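Asker: Take a look at the following structure, please.
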Amino acid sequence: FQGGDTCEYLLSSGRFLGEKVWQPHSCMMHKYKNSEAKNCLIGKHIVFIGDSRIRQLFYSFIKLINPQVKEEGNKHGNIPFEDKSASIKVDFLWYPEVNGSMRQRIKSWTEGSVAKPHIIVVGAATWSIKIHNGSNEALAQYKINITSIAPLLEKLAKSSDVYWVLQDPVYEDMLSESRKMITNEKIDAYNEAAVRILNSSSRNSKAKVKVFSVSKLIAQETIMKSADGLHLPESSRDTNAMILMNVYCNKIMKPIDGSCCQPQPPLTLIQKIAFCFFTLSIIGYLIISLIHRNNYRKNKSCTDLESGEEKKPAISTPNVSTLEMLLHSFCKLGLIMTYFYLCDRANLFMKENKFYTHSSFFIPIVYILVLGVFYTENTKETKVLNREQTDEWKGWMQLVILIYHISGASTFLPVYMHIRVLVAAYLFQTGYGHFSYFWIKGDFGVYRVCQVLFRLNFLVVVLCIVMDRPYQFYYFVPLVTVWFMIIYATLAIWPQIVQKKANGNCLWHFGLLLKLICLLTCIYFLSYSQGTFEKIFSFWPLSKCFELNGNVYEWWFRWKLDRYVVFYGMLFAFIYLALQKHQMISEGKGDPLFSNRVSNVLLFISIVSFLTYSIWASSCKNKTECNELHPSVSVVQILAFILIRNIPGYVRSVYSSFFAWFGKISLELFICQYHIWLAADTKGILVLIPGYPMFNVLVSTFIFVCVAHEISQITNDLAQIVVPKDNSTLLKRLLCIAGFFSGLHLFSAMQDQSRH
C-alpha cells in the first residue's frame, strides 16, 4: 500500500505485457466497448486542443464511440464530431503552439455563462521546437505562456476534467530533415517545464490539472514502429485513448475489471451487521478463553515447597463447550473474512490484468504433474473410483483449473474446451457419488440432506454477505446444489428403489431405469425450452438465488452447458454397482478389471477415444458451436479417463497423496480463488508484492491454500453443531436458519430500497 490514488498510477506508470497489452501500475484497466463508451459519455462535450499528436489521440478516442469514423478532413484545422444518438460532442481544436491564441480559447470557457466542456485534453510543444529551431528563447517563451495558461486550466479543473498531455519522445533516426531539431533532449526540457509550472500552480488548490505522462512510457517502447519518427503507431495511441476513457468512465460505469480510478465501495447494511457479528464473536471467544485460562491456573497442580511433592488438582480441565467451539470457529472465520474484504473490496492491495502466454499455463501444469507423481502411495482399497482416487481426481483437476484462471487461458480455445471437460467431470462425480450413497445406504433422511447442503453452501452464503455478491455469482455451488436436490428427488420420490429392495426382485432395476429415463426427458425438455426454465427459476424465492444482473439467463447458460453429465454419472454408478454385485468385474489388488483380452480391448478403445476428443477440442474454431456439442460428447473423455485409470490393476492400486490432499479442499479452493488469489471477482490477479510477479504468486498462493484449508476445517466443525443428528434439535436449528434467511431477505430489501 503506497497511499496513492490509482488514477495517478494509471496516468503516470505501467508496463507492457507482451507487445500490445498495457498494464497500469497497481490497478486493472477495462477495455471499453462502443456501447459502454456511449453510456458513460452520454450528453458530454469533450475537447482536444493541440497539435497533430493530439489530433491522433482525438481520432483514437472517437473511434471508441464510433469505430466507423475515418481520419479525414483538414489536418491543420478544427475537426468536429457528434454522436446524435447519445448527444456526445467531441471537438479537436488546432492550436499547435502554447501561445496567446490557445490562452484566449481556454479563457473563453472561464468567463460568463459559456458552457464548459466536461473533458479538456491539452498538449503542444513540438511545433514550437520546430518553428524556432530548438532555440532557448522559444523554451523561455513556452514557460511564460504555460505560466499564464495554468491558472485558467486550474479554474476549469474545478468543474471539468482537465488533462495536460506531455510530449512523447521521438525516434530521431527516422525524422525528416525539417524535423531534425526536434530532439528528445529538447522534448524533456519542455516536459519538465510544463510539469513544474502546473504542479506549482496547483499546490495550494484543491482542483488540479492532471498530467497525462503515461503516453511517454508507451512511446518509449513503440516509437521505433512509427512511420515518421514523430507520430505514434496506431496501437499505442489506441492504448492512450483507452487510458483516458478509463480515467473518466471507471468511476461512472464501475466495471468489475476496471479497478483504476474506482473509489472503494461503501459498506452495505448487511456488511455492517456481519462486521458487528464477527467482532462480537472475537470478543466473546477472547472472554471465554480468559475465563478458562484463569480456571486452569487456579486448578493447576502446585508444588509443596517443604516436601517437594506435587499436589494434583481436584477438578480436571473441562472439555471444550459447544459455545466455545462455535465462537472459536466464528472468530477464525471473522479474521479470514477481513482478509477477503481487504484483498478484493478495499483499495489496499494492488490488482493487475491477466495476460495469457502458453508458457504461463503449460509450465506450471508440468510442474504440478511431477510433484503429483512424486507423492505416490498405495491405496487402502482397490475399488473403482475409491475415495482416495476420487480425491486425487478432484485435486489435480482443481489445480489445473486454478492455473487456467490465473494465467487467463480462457482466451485460448483448445485449453478452454479441455477445462470444460474438467468442470463436467466434477458434476459427473456429483451424480456418481450421491447416487451411490442413496442406492447403497437407502438413507433419505433430512439429516443427510442438511449435511450436504450446509457443507456445499456455508462458505458461499458468508461470502455473499461479506463481499456483497449474489448467490449465482459463485455459479458452481448453485449448480452442484441444484443437481444434488434433483438426484435426491429422483431417488426419494415413490417408489423408493434402493439396492436392498432391488436385490429381492430384478424388476426394481427396470423401475429405477424408468426413473432415470424420466429424468433425462425432463432435462432434454428444459434445455430446449429456455422460457419454461426461466419461469421456474424466476419465482420468488428462487429468483433471489438464481438471478444475476436482474435475470436468470446466466444460470440457464451454466446449467445447459453440462446438462447431461450428472445423468451420465448416475447411470455409470448404476451399471458399475450392478456389475460389482454380480461379480462381473475383478477389483483385487493388482488384478485387471476384466479378463486380459477384454481389458486390453477396452483400454485401447479408451486411449483412442481420449485422444480423439482432445484432437477435436484442439481443432475447435468457434466457441459457441463447440459449447453446443460439449454436453453430449464431454462424457467420452470422462469415461475414457475412468477406464484408463481403473482397468490396469497396478494403476488402480496407487494414488497421489499430493493431489488427494488438494482434492479434500477442492470446493474451498474453487470459491476462495475469486477474492484472495485472483482479484476483482476473478477478472484480475491479486498483487501482494508488486514488481516481483513470481514471488507474488508464491506468497499469495501459500496464503490462499492455507485459508482454504482452514475454512474447510471451520465448515466441518460448524456442520457438527448446526446440523445435529437428533431430529428434534435439527428441526429447531432449521427454524433458526429459516429465521436467519428471512432476516437476510428483509435487510436485503431495505438495502435495495436505499440504493434506488
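Glycine is no exception: its Cβ is also placed from the backbone N, Cα and C atoms.
Keep in mind it's a predicted model, so treat the numbers as computed, not measured.
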Asker: Can you identify, from 631-650, 731-750, the stretch that TrEMBL calls transmembrane segment?
Answerer: 731-750
Asker: Examine the transmembrane segment (561-579) against the transmembrane segment (423-440) and state whether at least 3 Cβ pairs sit under 8 A, considering only residue pairs 6 or more apart.
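Answerer: Answer yes, regions in contact.
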Asker: Could you tell me the mean pLDDT the prediction assigns to the domain 'NXPE C-terminal' (22-92)?
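Answerer: Here the mean pLDDT over the domain 'NXPE C-terminal' (22-92) amounts to 94.
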Asker: Against which stretches of its own chain does the transmembrane segment (692-711) lie, if we need a Cβ under 8 Å and a gap of at least six residues from its ends?
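Answerer: Same-chain contacts beyond the flanks: 332-333, 336, 339, 406, 459, 665, 668-669, 672-673, 676-677, 686.
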Asker: Are there at least 3 C-beta pairs under 8 angstroms linking the transmembrane segment (395-416) and the transmembrane segment (269-291), leaving out pairs fewer than 6 apart in sequence?
Answerer: no
Asker: Counting only residues 6+ away from its ends, which parts of the chain sit with a Cβ under 8 Å from the transmembrane segment (395-416)?
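Answerer: Those are 354-358, 360-361, 364-365, 368-369, 372, 422-423, 425-426, 617-621, 623, 626, 656, 658-664, 666, 669-670, 673, 677-678, 682, 685, 697, in sequence order.
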Asker: Treating G and I as helix alongside H, and B as strand alongside E, what does DSSP give for the domain 'NXPE C-terminal' (22-92) in helix, strand and coil?
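Answerer: Final tally across the stretch: 22 helix, 19 strand, 30 coil.
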Asker: Before we move on, state whether the transmembrane segment (659-680) and the transmembrane segment (473-495) share at least 3 Cβ pairs under 8 Å, counting only pairs 6 or more apart in sequence.
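Answerer: Yes, since the transmembrane segment (659-680) and the transmembrane segment (473-495) share at least 3 Cβ pairs closer than 8 Å, they count as touching.
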